[in-house]
Structures are given as structure tokens and as C-alpha cells.
Amino acid sequence: MATWWRALWAYRSYLIVWLLPIFLLPLPIIIATKEAYCGYAIILMALFWCTEALPLAVTALLPLVLFPMMNIMDASEVCLQYFKDTNILFIGGLLVAIAVEHWNLHKRIALRVLLIIGVRPALLMLGFMLVTAFLSMWISNTATTAMMAPIAHAVLNQLQQAPKGKDIEEGNNNPTFELQEPSPQKTKLDNGQVHPVPPGPLHARKQKSREERRFSQGMSLCVCYSASIGGIATLTGTTPNLVLQAQINALSQNANLVNFASWFSFAFPTTVILLLLAWLWLQVLFLGFNFRKNFGLEGQAQEQKKAALQVIQREHKLLGPMSFAEIGVTFFFILLVVLWFTREPGFFPGWADVGFPRNEQGESAVSDGTVAIFISLIMFIVPSKIPGLTQDPEKPTRLKAPPALLNWKTVNEKMPWNIVFLLGGGFALAEGSEVSGLSDWLGGKLTPLQSMSAPAIVFVLCLLVATFTECTSNVATTTLFLPILASMAKAICLHPLYVMLPCTLSASLAFMLPVATPPNAIIFSFGGLKVTDMTSPTLLRHEILRPQGLMAAVLGPSSSGDVLKCLPCQWSKTWKAREVAGLSWELTLGREVWLTLSRSG
């Protein structure tokens, strides 16, 4: 019997892929409508994504087969969803990130910041969180965590080593890790007097070992948490942000409502708040309440402190002076960010408004994806060394030009092509839901939610998305939920961003399980952490860091008869929404004002 169970478990992926489509067949057979056909495809893909019976990117290709066969969309229309402007923005942003990573510019930035901040426990944790979050804004959070985790462990090893020339058996402690004072033992003499007895060597070693282990766990968790938090600050920082942008642009007929500048103006303050809350919570949980020692205001173990600084200095010294390639990548990276911010800033005419013609809808023909690809193309033609001719080491008789800042071999090795297909599959699902009428049907079924207050709706939905994303890819989660949430919001007379935005942020903040996100898995693989170590601090912290409470405060009152000042982003033209249940809602323009939402009866 045990052999049969082992065989079934070994072939579970094959069984799921073959049996699940057959098990779901009654839905399209009994209900022969386009809504049911599209629902069959979505349910099948959702279960494949949850079980990972097929690779995520392979599952994302199913609409190319199912939608034309079910007469939901033509094959040519489905194929267009896999290479939209959002995909181009994702590819262009990753090309620049690959160049930064290839020339070790991210490591230089990280080590330099750590040298400035120092190695006091609280400040060291803050330094690692700031560096990790900043790098995660621009490059993959997986690459950021993979780089920062070894640095953190090297610094911790130096801090936890005993001072040279001291006998460990004597119980000498490193005051850096004496985060909580142990209560002294007391003994009663014959004359009735009570005198404290200092703890023995064994007790001191146990106390020191426990404190060091707790600090190591806190440092490990702060790296993976800040990587996830930092990714939400920029539009290209994490893939769910791009999924949201594509969904909103589709709802507004490609009005370019969410661009790099508008997203950053909203998400960056949110990131700062979440990062500060995470730092305070991890500090209290793993360093204790003795803030004087946490911030190094009391005696420090100078030898350990110097040794940890020497580790960072040695790693920084190994990088050497900035090369021509690093200077070039830095210049193009800054240029990219400046061009993104000034393309259509909203409060003054951007370079895209002034220097380039507009399309038939009156919108700029140049997008953020255009800028990203432009900078990436330049990196393929700029040499990585000062132009000159050198001999080819393999063939000394020949002269060789220096390689470019970016080459296709490096791009092909480091580019996550699976995410490109995953994005396309999500866009195809959203378009199929709209064309088939499934979105409107789902929205109509969710109209009873209109009796709840808007903040309560957001809270419940964020909690649902937060739970779902702990077990499944955040890209798959947003891909499945956002089209449904958009239809629901329109049906109950809420602005889609009011619901979709906090749910998107919730999908990016997966902290509880090692499988929830790659940074968690990387930190867990380094050892020193158990699943209970990740879940126990997370249970309470979810209520603090999950953005539903923050979103309710930011978005203000519900749209019921009030003016809602919610997002610091401009709208290129008035977007009048559909009439729903005799009510109309309208997004009011204003390049100089905050987005306002009103609803009239």
C-alpha cells in the first residue's frame, strides 16, 4: 500500500495535468456559454498555478490554445496580449538592471552605505534594510537578496567571534549582544543578608549564544523583508505593479494613467512607512527593548566592531576603484530614472509633451517602455573600457576592441523570460474575461458587497489576497484577482484603483512562508531559521505591515457622496466611467491637483 502512495506522489504532476481538465469538463459542457468557457480556462490555469504541476510560464501559454478553440478570441488577438507595452517596460527595466548587476555596481553601493552607517546592532539592521530596499527598487529582489545575504552573514560571523586573548571559559560577553540584562541570582547567608551572585560561565555562554542567535535571525529576516518591501516603490520593482498598470490602462482605453512618476509619488512614501514599521518591529522582537545598547550608546566590544568593519572594508577594497564600465552604467542608470520622471510629470510639461507628437487619442506616443529600451540599446553600443585597441589574448597578432556595457550572452543568462510569458498570460486572461462577458457576470454576483463600507471591503479583499499569495506566486495572484476586482469595483460603484491598488501591494508583501517568495527561500536556505521562526513574528506583523489599514487611511472616506482624495497621480484626460445601477462616477482631471473621485446620485 505504501508503494502505491509513493508511486502516486511521484507521478502527482502528471496526474494533475491529465485528470484536472477532465474533472472540470462538466462546466463548459453543461453551460455552453462564452462565460463558462472562459471560466473553465481561468479555473484550470489557477489550479495549475497553485499546484505548479506545470511550470508557471507554460501554464501562462494556455490561452493561446484554449481561447481560439473555444471561440472566445481570435489567435491573433490573443498573441497581441503577450507583447504589450507593459512587457516592453519590464524587459527594458531588466536590461538596465542586468547591466548594473553584471558590473557589480549594486555591490559597491551596498558596501559603501554599510561603511557609512556602521555596525551598531540597530543601525546595522537599518543599514542592511535600507540598502536592500533601495537595490530592490531597481533590480530583481532575488538578485538583491542573494547578494546581501552572504554579506550579512560575514559581518555577523565577525561580530560573534570572541575577542582574541580572552578565555571564553571565563564567561566574557560581547556587550554588543547583551541586549537584555539577565536578572542576577541571589543567595541568602546565615545572618539573613541577601547578596547577588554573578552568573557562572555556563550561564553566560548560554545567554550570549541565545542573544547572538536571535540577532542573526533578525538580520536574516530583515534582508528578505526589505527586498519585498523595496520592490513596491517603483513601477518596475516587482511584477505585480506592472500587472496593475496594464489592467488600469486597459480599463481607461490606454490613457497612460499609471506611469513611473505617478506610481513612485504614491508608492515611495508607502515603502518608507512600511520599511520603518518593519525595522521597529524586528528590532523589538530580536534585539529587545534596551535601546541604549541597540544603538551603541553603552559600552561596545571594540574588537568585534573593528573586525566587522574590516570585513566590509575588505570586500569594498576588493572591488577596487570605479571602472569606466561602472561609471558608464551609473550615468545611464541615472539618465533612465530622470527620463522616466520627466516624461509626463503632470505638474509641468514633460519632454514627451513638448518634443514628440501625440497620437489620435491626444496622448503621448512615447511611453516608459520606449525610454527603457532606448537606454538599453545604448548600453549595447557603448564600450566598457576607454576606447582603444588591445591585443586579443587568444590571437596576439589581432587587435581587439573592448566589449560593450551589455552583451546578449549576459542578457540571455540572466533575463527571466518566464516572467515575460507569465505577464502575457495574465493580460490574455484579463482580455478574455472582458470579451466573453465573464467579468461583468462576476461583477453582478458581487453587488451584495455594496452594503459594506468601502474600507471594510478593501480590508477583506487584502486579507484574501495576502493569504493566497503565501502559497502561490505573487504574479499569478495579481493576474487572477485584479480583473475580478475591477469588475466588482465597477459593479458596486467604487473606483477600481481603490480596490486594486492595496490588493496589489498585499500580493507583494509575502513574509510568512519560505515558499511565498524567492527572497524568503534564499534566506531560509542559508540555515539558522526554521519555519516557526518566520511565521511567529509574521502573525502579528501582518496586521502592521499589510497595507489594508494604511490604504484605508491614505484613501480616506468612501466614495459615497464624498470627494475622495486618494492618489497623487495625474490623469491625461477625463475618464467617464460606465453607468452602473443608475449611478455615475467620474474621475476628474487635473495635472496640478490630486486625483478626485465623486459619485452623484
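Each Cβ is built from the backbone N, Cα and C atoms, and glycine gets one as well.
The feature compositional bias 'Polar residues' is assigned by TrEMBL to 171-186.
The region 'Disordered' annotation in TrEMBL covers 165-210.
Same-chain residues lying 6 or more positions outside the transmembrane segment (12-33) and placing a CB less than 8 Å from one of its CB atoms are 39-40, 43-44, 47-48, 51, 53-54, 70. Per TrEMBL, transmembrane segment is recorded for 12-33 (among others).
Here TrEMBL flags 39-67 (among others) as transmembrane segment.
Packing against the transmembrane segment (88-105) from elsewhere in the chain are residues 138-140, 143, 235-236, 239, 242, 319, 323, 325-326, 329-330, 332-333, 336, 367-373, 375-376, 379, 384, 405-406, 410-411, 414-416, 419-420, 423: each is 6 or more residues past its ends and has a CB under 8 Å from a CB in it. Taken from TrEMBL, the feature transmembrane segment covers 88-105 (among others).
Positions annotated as transmembrane segment by TrEMBL: 111-139 (among others).
What TrEMBL records for 215-235 (among others) is transmembrane segment.
According to TrEMBL, the transmembrane segment annotation covers 260-282 (among others).
The transmembrane segment annotation in TrEMBL covers 324-342 (among others).
TrEMBL lists 452-485 (among others) with the feature transmembrane segment.
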Non-local residues, at least 6 beyond the ends, that sit with Cβ under 8 Å of the transmembrane segment (215-235): 89, 121, 124-125, 128-130, 132-138, 141, 144-145, 148-149, 152-153, 156, 160, 177, 179, 241-242, 245, 258-260, 263-264, 267-268, 270-271, 274-275, 278-279, 282-283, 285-287, 368, 505, 508-511, 517, 519-520, 522-523, 526, 528-529, 533-534, 537, 545
